[in-house]
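**Student:** Got these off Swiss-Prot a minute ago, pasting:
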- 20-24, Asp50, 166-167, Gln190, 216-221, 270-280: NADP(+) binding site (BINDING)
- Leu54: site 'Important for substrate specificity' (SITE)
- Tyr55: active site, proton donor (ACT_SITE)
- Lys84: site 'Lowers pKa of active site Tyr' (SITE)
- His117: substrate binding site (BINDING)
Amino acid sequence: MDPKYQRVALNDGHFMPVLGFGTYAPPEVPRNRVVEVTKLAIEAGFRHIDSAYLYNNEEQVGLAIRSKIADGSVKREDIFYTSKLWCTFFRPQLVQPALESSLKKLQLDYVDLYLIHFPMALKPGETPLPKDENGKVMFDTVDLCAIWEAMEKCKDAGLAKSIGVSNFNRRQLEMILNNPGLKYKPVCNQVECHPYLNQSKLLDFCKSKDIVLVAHSALGTQRHKLWVDQNSPALLEDPVLCALAKKHKRSPALIALRYQLQRGVVVLAKSYNEQRIRENVQVFEFQLTSEDMKVLDDLNRNFRYVVMDFLVDHPDYPFSDEY
């Protein structure tokens, strides 16, 4: 089998490609560019495509996937597509309609994976970040287990093959896992993960529960000003990472991606640059030594790019716990 298509078994019997293409782009990127780069990613060998309601690009991503199916490049079952439930739809009765709305935009019959995007409920409605007259984001309170049960119904209805969570800490995962009515465990927890924030404790916990850890922001984020402090360190310029890149004659990005794969983490590579999209698939063409891995482990400084500081007062804010 082509190494590009390596997959990991999920706890529900489905399989997820270990390398994914992240489709998020800042609003200033023209939406038609989303179609082009998603097609490019599929042509380069990506079979796992990650998007979300919040990214406001599902129409374009769906168009790209359908055009690659139509031209015979791939079949629908070759593509593993992820969407995410946004925080303004955290009412049990809103969950399935939110997924159906994504499917309508995508013009697909099902998603391979549907995730709870963040564990924090916001005031229900169509505005992604609802604010009061003082400009403060409006929170909502909700039982996450009730939302999980609504996710389970989406799986039973065949609208999502697998269901999981994103940006959950250990305590929040345990709450779902210990829910007396639990029907399906989350198959994964998608979190920020890179050499500066290697999530080793959360990774060990997830492995112990047969939950896959998926790394977003694996290259240190696109540093979009809404989400990321502009003074934060640039991961891909790290001297240790660059030295390893030189040693292996690869880019620093490839070292960061390979690091995750060798830890058993599914990794999302986000790029809108044609050359880098093609390059990122080369992650299967080399290996890091155990010494390399140790050096990369030592870069950990528990540094988080996506802090969501405007939600820090939310009762379910996930990043105050150690992990």
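Here the Cβ of each residue, glycine as well, is placed from N, Cα and C on the backbone.
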**Student:** Measure from the Cβ of Tyr24 (NADP(+) binding site) and count the other Cβ atoms within 10 Å, all protein chains considered.
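**Tutor:** That number is 22.
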**Student:** Which one is it: of the binding-site residues Gln190, Ser271, which Cβ has the fewest other Cβ atoms within 10 Å in this structure?
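**Tutor:** Comparing Cβ neighbour counts within 10 Å for the binding-site residues Gln190, Ser271 gives Ser271.
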**Student:** Within 10 Å of Tyr24 (NADP(+) binding site) (Cα to Cα), which of the recorded positions Leu54, Tyr55, Lys84, His117 do you find?
**Tutor:** Leu54, Tyr55
**Student:** Which chain-mates of Gln275 (NADP(+) binding site) that are at least 6 residues away have a CB under 8 A from its CB, listed by sequence?
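**Tutor:** In sequence order there is nothing to list, since no residue at least 6 apart has its Cβ under 8 Å from Gln275 (NADP(+) binding site).
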**Student:** Would you mind ranking the recorded positions Gly20, Tyr55, Lys84 by how many other Cβ atoms sit within 10 Å of each Cβ and giving me the lowest?
**Tutor:** Tyr55
**Student:** Indicate the candidate from Leu54, Leu219 with the smallest number of other Cβ atoms within 10 Å of its Cβ, considering only these recorded positions.
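**Tutor:** Per-residue Cβ counts within 10 Å for the recorded positions Leu54, Leu219 bottom out at Leu54.
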**Student:** Rounded to a whole number, how many Å is the Cα of Gly20 (NADP(+) binding site) away from the Cα of Tyr55 (active site, proton donor)?
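**Tutor:** Here the two Cα atoms lie 16 Å apart.
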**Student:** Within 10 Å of the Cβ of Glu279 (NADP(+) binding site), how many other Cβ atoms can you find? Include all protein chains, please.
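**Tutor:** The answer is 18.
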**Student:** Taking the Cα atoms as reference points, how far is Gln190 (NADP(+) binding site) from Lys84 (site 'Lowers pKa of active site Tyr') in Å?
**Tutor:** 11
**Student:** Among Tyr55, His117, Leu219, Ser271, these being the recorded positions, pick the one whose CA is nearest to that of Lys84 (site 'Lowers pKa of active site Tyr').
**Tutor:** His117
**Student:** Looking only at Cβ atoms, how many others are within 10 Å of the one on the residue listed as 'substrate binding site'?
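**Tutor:** Taking every protein chain into account, the count is 21.
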**Student:** Starting from the residue listed as 'substrate binding site', work out which of the recorded positions listed here (Leu54, Tyr55, Glu279) have their Cα within 10 Å, and give them in sequence order.
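**Tutor:** Matched recorded positions: Leu54, sequence order.
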**Student:** Could you check which of the binding-site residues Leu219, Ser271, Glu279 is the closest Cα neighbour of Tyr55 (active site, proton donor)?
**Tutor:** Ser271
**Student:** Calculate the distance in Å between the alpha carbons (Cα) of Ser271 (NADP(+) binding site) and Leu54 (site 'Important for substrate specificity'), and round it to a whole number.
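**Tutor:** Given the Cα positions, Ser271 (NADP(+) binding site) is 18 Å from Leu54 (site 'Important for substrate specificity').
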